[in-house]
Amino acid sequence: VLQSSSSLKASYEDWLLTYGLSVSPFHMRWQTALFNRQFYNWGRWKPRFLYLWFSVGMVFGIVAMFGSVILLGKTLMQTLTQMLTEAPKAQNDRMLQVVVSVLSSGLYVRVVVPGVNLPVSQLTYFFSAILISGVIHEVGHGVAAIREQVRFNGFGIFIFIVYPGAFVDLFTTHLQLISPKLNFFPFFLGVWHNFVLGVASFMVLFLLPAILFPFYYTGVGALVTEVAEDSPANGPRGLFVGDLVTNLQDCPVYNVEDWNSCLGDISEKSQVGYCVSAATLQQLSFPARVYRRLDGTVECCSNNSLTDICFSYSNKLDSHLYACLPARKVIESSKVCRTNMDCQKDLVPSFCVIPSLENQTRLIRVKHPPHIDMLYVGHPLHLQYTVSLSSFVPRQNFLSIDLPVVIETFCKYLISLSGALAVINAVPCFALDGQWILNSFLEATLSSLIVEKQNRELVGFLILLAGSALLAANVALGLWMVTAR
């Protein structure tokens, strides 16, 4: 039995070796030489252009090393301030908190915890973007290494726990013999290529309306692409996929940014009122018992009513009058107002009636012609979180309404993750690109000031220690932000 088991294990290991696979706890990788010829072609393509490209990347790598330290220091201070603040800003709840996972080719930023700081529906974008960012990063290392005559053994991808990445296999001994020096490009090109990928993704995102112009038009409203099942906008008179939202109250909506901006303004400002004539007010209102809620606001309608809302208004004699009115009849033929003065443009006596709702609750009129207006009562953020929209409207019915959203979302993930990978790898920290960038920089700048190599190495070690501590502090606080908040 033992001999059979050993034979099976040997066969399994031979099979893995044949296909370039390596499996260990929490880690699996695949390496191949299939792309070696392509890498060599890239490394020898237009030498003058590559030299210029690599030189710019080298300068960027040095600037990024110093910039990453400043950025992480600022991030650390902001996180500490937020920790000490009893009521952090609501907008921070939506930010992806920093959680890092140490991978064999470096640290990848913003690896998230599904269901905690990233919806499960976004995982495909996340994993695809981080894999592409890792591949582009390693292509930079590989091509620059070939240009420096370093032996290139192969390229591969790996999965650490569930997070993907890429790597290049270089002849380590040769790499160490001919480095460090300032113009040894392989150390700098990974960071540079991630920056370029982020900029390219940003340009695609910025030019997307022009790119998709033959198929989609913009600037006419926000197109509903999804309404969550538990959304308060779900219902017979709510929003449906394909609806085009043009207004929120008196705030025009031309795109998704306007939708978010309008909801933000509605949330921050006090509830608007509606102009109602004295005759209409007397006709629609009916006697109701007035009582105060626990938060101090006033209710004057039956709790069972689905169509009536308590409105407050004032006249010359009394500034605290309340009336239970049918919301749709009051709003649909009225203009918005803040005070009675806004309603005195006509000769007909009118009042500005304002919905008397709980704190943070708003009555919002959503226009999505040709359908009847949706009247939403609740917190504006609930509407924002449960309704997905797009600024792109298909010119033809057969065109997908989701395609522009997919491209937009993927570009945003590429910008975020590729940029984060560039920043983290530029940090002067042990086992990251920043370690070798720092060593090259010190060798080029301190050789004449600090003659003894041992002393230069000591300076580099102390800087790396400080950089590692700075990064570790950001990681620890980032983990705390995910788990504690």
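Counting begins at 1 with the first residue displayed.
From the backbone N, Cα and C atoms, a Cβ is placed for every residue, glycine too.
Per TrEMBL, domain 'Peptidase M50' is recorded for 125-465. Residues annotated as transmembrane segment in TrEMBL: 50-73, 94-113, 125-145, 152-171, 191-213, 413-438, 458-482.
Two recorded stretches are said to be in contact when at least 3 C-beta pairs lie under 8 angstroms, sequence spacing 6 or more; the transmembrane segment (458-482) and the transmembrane segment (50-73) meet this definition. Only pairs six or more apart in sequence are counted, and the transmembrane segment (50-73) with the transmembrane segment (152-171) gives fewer than three Cβ pairs under 8 Å, not enough to call it a contact. Along the domain 'Peptidase M50' (125-465), the predicted structure has mean pLDDT 89. Among residues of the same chain six or more beyond the transmembrane segment (191-213), those with a C-beta under 8 A of the stretch's C-beta atoms are 56-58, 60-61, 64, 132-133, 136-137, 139-140, 391-392, 404, 407-408, 411-412, 414-415, 418-419, 421-422, 425-426, 433, 437.
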